[in-house]
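J.: When I checked TrEMBL for this same protein, it listed these features:
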- 3-328: domain 'Hcy-binding' (DOMAIN)
- 244, 313, 314: Zn(2+) binding site (BINDING)
């Protein structure tokens with residue numbers, strides 16, 4: 001399919017993203033959960049585990065797998081990767097490319113095992129997470145980056161973005177879990193600059209973390225973000241939405257976004273399970289006040305609201321993706 005906002009809008013059912021990485025790593029590579037590099041540690045030491053997780057999501061029904069690069073960050077790798085031989089920007093870029101290779105290996109394996117499938121070949125989305133992931137202090141849920149400057153944010157994102165733009169196996173870019181409007185604008189400007197300089201353009205989506213259905217985490221109205229995008233010549237933008245938000249927030253969030261984009265831009269959403277995260281203890285707890293289950297009725301309501309990319313974030317797994325797949329068949 002031609003991967004554009006127009007082609008997405010015309011779909012009779014959403015494309016299915018994958019689910020959470022952390023809950024699967026907790027089972028398959030527990031040391032990564034308490035290491036500063038998180039999934040970056042697994043990429044360095046046991047990349048086959050990452051491939052296994054990607055494959056489990058594809059087998060469950062994912063049309064798009066997202067790379068394990070959310071917390072594979074140049075600053076983090078240079079600070080905590082020296083013991084593993086990661087001590088230069090060039091070696092960091094190798095890790096970024098490895099995250100792509102793991103996803104491609106899973107896609108190739110599944111396609112090879114299912115030569116007659118009517119499903120599309122799964123796509124690879126390169127995950128570009130926020131500066132808050134590097135801080136590892138819960139800032140991706142607040143957007144509070146302290147005194148960091150726009151210039152520093154630009155340097156922070158530059159190497160990973162140029163690596164992904166130059167990698168032919170990347171089908172689209174996923175700017176995800178962004179809580180801070182300054183960082184978001186820096187990334188959009190950087191993407192424009194690099195696209196022109198490299199002569200390479202890839203479809204991309206932008207997904208924010210929210211404090212309310214009308215504000216991203218730093219308090220910026222999502223209306224301001226949509227207005228900013230409307231003024232930019234970002235022809236490769238295919239969708240806008242949210243992730244790492246509670247399941248309970250999704251209906252109001254989609255209503256807010258739908259009113260702003262007016263059907264001109266597809267929506268995306270991949271929420272958490274609905275459980276409650278404690279940023280101090282870094283643990284998840286059950287939420288007795290909310291229904292934390294995906295349902296066929298709810299998923300179809302999301303499609304009716306304009307969602308064309310749907311999946312799960314923290315504490316979701318292959319079973320949730322399978323439910324999503326079956327809900328639209």
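Cβ from N, Cα, C; glycine included.
Each of the listed features needs to be described in terms of its position in the shown structure.
T.: Other C-beta atoms found within 10 angstroms of the C-beta of residue 244 (Zn(2+) binding site) number 23, with every protein chain shown included.
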J.: Give me the long-range Cβ neighbours of residue 313 (Zn(2+) binding site): same chain, 6+ apart, Cβ under 8 Å, in sequence order.
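T.: Long-range Cβ contacts: 19, 20, 177, 243, 244, 245, 270, 271, 272.
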J.: What's the number of neighbouring CB atoms sitting within 10 A of the CB on residue 314 (Zn(2+) binding site)?
T.: 19
J.: So around the Zn(2+) site, 244, 313, 314 aside, which residues have their CB within 8 A of the centroid of those CB atoms?
T.: 20, 177, 243, 245, 270, 271, 272, 312, 315, 316
